[in-house]
Ligand code: TXA
Ligand code: MG
């Protein structure tokens, strides 16, 4: 099959293709999603096979309004209204207990809950409305690879395997949405995956506590030894994290070992080391926002075979605010590995 690009005038064509069971990738403010009609189990099955994704990993149901969620959910957490008012459309996924049998079990991974998100992208919201059905949308990459932040990334991974791609340029945020569990109306909301919407922002809006999944806290503690179970967002080339104070030494060490090194960092670091390394992917500026936006594109860019790098060194950020989401993804791509003196 030839994968086509849908332009602004062809959104209805994309919507009809989706409705009838085809796979079409769509843009969001976080990363590109691999869309399929969430109500057609066969279409959803194809999403798993095209990505090479394990079938027990449930998908996010993308909607164009909160109203649409009510078709599937009737037991809402008391904080829902405030959260939706403040963060939708936006990079926040909400997990609710669903009405029994209201969504195919291939979508929920057989759970009694499902994840919902209203993405902040006009073309995609229009497409969902025109399709008249919710869309599943895992990140539109081959499973295990960095998520796609441009249509070209999607094309690279999925060309010939999906019907089309709705192109809307580079995504604004660059990492996947914050996922919060609201399935128990009596419990505090719990963050299962950090993203651009932070715990502090949520607490300010709710006026109450938000907890963080224990597994996240543990894996974001001091570096752990390499373990395959953490391998995600991973290019083929080995990735290593470098703390701000360690760059000189890290580059010196790599030079002594005669390694072909690539660097992903903001201008201050990138310019300080550029003549000592083989390749550089520079973030637009030194902020954590720019780093988060550029991380996956940098990992993909420096993983190109023709660069033949032995190692990619990446800038770290403090783990607060958006830095939590950035470091969560970076640690996975680096298999938790830091440069150590
Ligand atoms: O920003 C995003 O969220 C992107 C864009 C395309 O919307 N989508 C995305 O989807 O990242 P995916 O499939 O790569 O990640 C979905 C995450 C997974 O970690 C999955 O385990 C979790 O949401 N999830 C889905 N349903 C769940 C449920 N019922 N309970 C707990 N976790 C769930
Ligand atoms: Mg993903």
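Note that Cβ sites are derived from N, Cα and C of the backbone, with glycine treated the same way.
Automatic, uncurated: that is what TrEMBL annotation is.
On a predicted model such as this, the values are computed, not experimentally measured, just so you know.
TrEMBL names 53, 57, 113, 139, 147, 193 for binding ATP. Of 72, 233, the residue it gives for the same site is 233. For the L-threonine site, TrEMBL gives 30, 62, 177; the one candidate out of 117, 243 that the record lists there too is 117. Around residue 62 (L-threonine binding site), taking its Cβ as the centre, 26 other Cβ atoms fall within 10 Å, counting all chains.
Recorded residues residue 117 (L-threonine binding site) and residue 147 (ATP binding site) have their alpha carbons 17 Å apart, per Cα-Cα distance. Farthest C-alpha pair in the L-threonine-binding residues 30, 62, 117, 177: 13 Å apart. Other Cβ atoms within 10 Å of the Cβ of residue 117 (L-threonine binding site) number 27 in total over all chains. Filtering 57, 117, 139, 177, 233 by Cβ distance to ligand 2 (under 6 A) retains the following binding-site residues: 139.
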